[in-house]
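As annotated by Swiss-Prot, region 'Disordered' applies to 1-83, 223-277. Annotated compositional bias 'Acidic residues' per Swiss-Prot: 20-39, 262-277, in sequence order. Among the features that Swiss-Prot reports, coiled coil is placed at 37-82, with the record citing sequence analysis. Residues or ranges marked as compositional bias 'Basic and acidic residues' in Swiss-Prot: 40-83.
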Amino acid sequence: MAWDDEDFDIPSNSKTAVSWEDEEDDDPVLESWDIDPEEEAKKKKAEQEAEAKKKAELKAKEDEAKKKRDAKKKEMEEFDGLDERTRKELLKKAELNADLNNAADLFGGLGVAEDGDEDFDINEHPREKARLAALQAARSKPVLTKDTPLEDHPLFQPTNKQEYERLRKTLGATLTALSEDSSLLYASSLAIDLIRDLTQPLSVENTRKVVSTLNVVVKDKERQERTARLKKAGGTSTGGAGKKKAKPAARPNVGGFKKDEFDDMGAFDDLDDDDFM
């Protein structure tokens, strides 16, 4: 019997393959073996930070919008408090700015509205504008302290006669005002020593001129004091006793008669006729 004539079935392995395919795997299959848990954590953290940043930006925008609304409300309240004429001027200016801005948008931003003014703002009111300018000037003004050197001030850098006179007048008015606070300290600690210090660079001739000027001042003050003293005492500035007061005029006895020594015989009333015998 030949092997070719026999019939027999050859077992197939397809069933086994199908069984492998039909099996259900509950475990998730990773797409890649290179995924690191730390990378996953970093990615998740980055997403959370991005979300928090987005929320913060949104909140900031909401706060900014609220701030603008409050500012606009305040501007309108201030605008309502203005007088009628000022309101009309500001409204006219706002309308003009709006027309210029519309024209600039129409012509593609050719700078039609660039006239140096911003959009309508309540701060453009003349009084408010002046107040802001003064405030800005005060802020930009250098702060002077006791340690600030005076020679840095432009006033202490004179170059001509007019500037020296301005310096003299300014110093004179400022320093003499200190005598009102304390005349004793002004005289002993400032005026006398300051005059001496100022005469140090002078020549002998100019120093004598200073002395002559002071002598004139002394004589003038002596005359003023003497005038005030004599005026209080009733005298004159030259030292005299002053004008004598006129005596009141005597009133004549109209209708009376002239009396003489014979008219009054009262002294002989006590004598009798026998006294003459």
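Note that Cβ sites are derived from N, Cα and C of the backbone, with glycine treated the same way.
In the compositional bias 'Basic and acidic residues' (40-83), helix, strand and coil residues by DSSP number 41 helix, 0 strand, 3 coil. When pLDDT values are averaged over the coiled coil (37-82), the model yields 81.
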